[in-house]
């Protein structure tokens, strides 16, 4: 007769063998994107078997993240008190985003300096899953030591022209996590809509969040006659911020000023230049640049201070507030006696200096709340604050980046020559009329992959001021997620490698092989990417239409 104690020990031993047994030989090397900084893989040998899942240490808080990531990739997990398969250790020398990863037939060890480093190690792990010789899932033996080249690896969501529902933003965040992006730039206010809830000023969303119509997709000169409105609630904003945080992503909010302010001024007309002829503010129904700018008065600055207070509460994780600062026409300020009086009282020579004065006033509010100002490269016009961070988007003006770096400012590279993903991916004709774009620039994934974020001629001692790079996706002609995905993927994977991988390790042919191995994952997630071979949408039945809001 077998005693109960002996039987329990036997079952536990079998359970341990079942979970911890080495795999059959793993023949396939990882197809990780972005490519790690240093990786040694031993194929043709036994690896770590995933046939029965992974045991995680139940008392380690990192196991919650590991459980989520493994299960999202079809691997079972179990929380155990002893004999865990993954060993987590902390190593501050690896920095905030670096990690070490070792896989043997018996265990997986992850060392990192923070939760973010652990997340990146886990993403490298699940991207390395392959079939062993018997067809079972396994990890090859490997050693990885990795860290990103740049600290800012971003994508932008423009919710003003077309509003992206929270469920879709979460899908975007899931994809960003896989490819080690760490910044979501959320464009929340513009001429065509204000989507950010500000409790003290409810008309910003009830009035500023609604436009009478939009241009027909593919024809900016013709209206569709369909009202369009919407905004996020405070709870939705907090939900997105939390969801992003769990995936190692910081959400940077953008509120446009002093230009691109039509929606705010339509909601509260006293914020505009009320003393000019023909003053009739409204939420704009057409795309492009519009003339309505905030008036540089104390009333406006009190309003902006209130808005910034609420932004800080909604986005506590963000070290920055993005204030736009781009494409601010000066004609209303030139016509406004009030604006001219502000210029005279403050010794400002022209309207460009008035814009700089405006931005410096706002920057002081932001800095006083423990955050930093970031804006588009036009914030340099009239003089740039030494503590501001600048997003460089005008590739046709390379001196802008050089001037900011020479002054000591940090920059993020978002050049429209490479990283405006609303531009057509090319090559090939659009799959259908609704896939047309108004811009015929063909920015292929190869073109994106060829980007060098550090501007040519940058002195070595200034290179650290180049924080990284980001793709911008303006949504005038991108009405919903399937069209957004068609523009963003696979180019986002090329950008992920540009932003992460050491320059000397980049290889376009090798990247293409790894890209092809990523496509089944995108297919499984229902991503409507543009197929790199023929330009067709991956989800041909996806509906590319503007939802009535």
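Each residue, glycine too, has its Cβ placed from N, Cα and C.
Swiss-Prot names 161, 326, 420, 421, 422, 474, 475, 476 for binding substrate. Of 194, 393, the residue it gives for the same site is 393. Measuring Cα to Cα from residue 190 (active site, charge relay system), the recorded positions that fall within 10 Å are 161, 260, out of 161, 260, 393, 476. Cβ-based crowding with a 10 Å cutoff singles out 190 as the top-ranked of the recorded positions 190, 327, 476. Other Cβ atoms within 10 Å of the Cβ of residue 393 (substrate binding site), summed over all protein chains shown, number 21.
Separation of the C-alpha atoms of residue 327 (active site, charge relay system) and residue 260 (active site, charge relay system): 7 Å, rounded to the nearest whole number. Counting other Cβ atoms within 10 Å of each Cβ, the lowest count among the recorded positions 161, 260 belongs to 161. Same-chain residues at least 6 positions away in sequence with a Cβ under 8 Å from that of residue 474 (substrate binding site) are, in sequence order, 158, 161, 420, 422.
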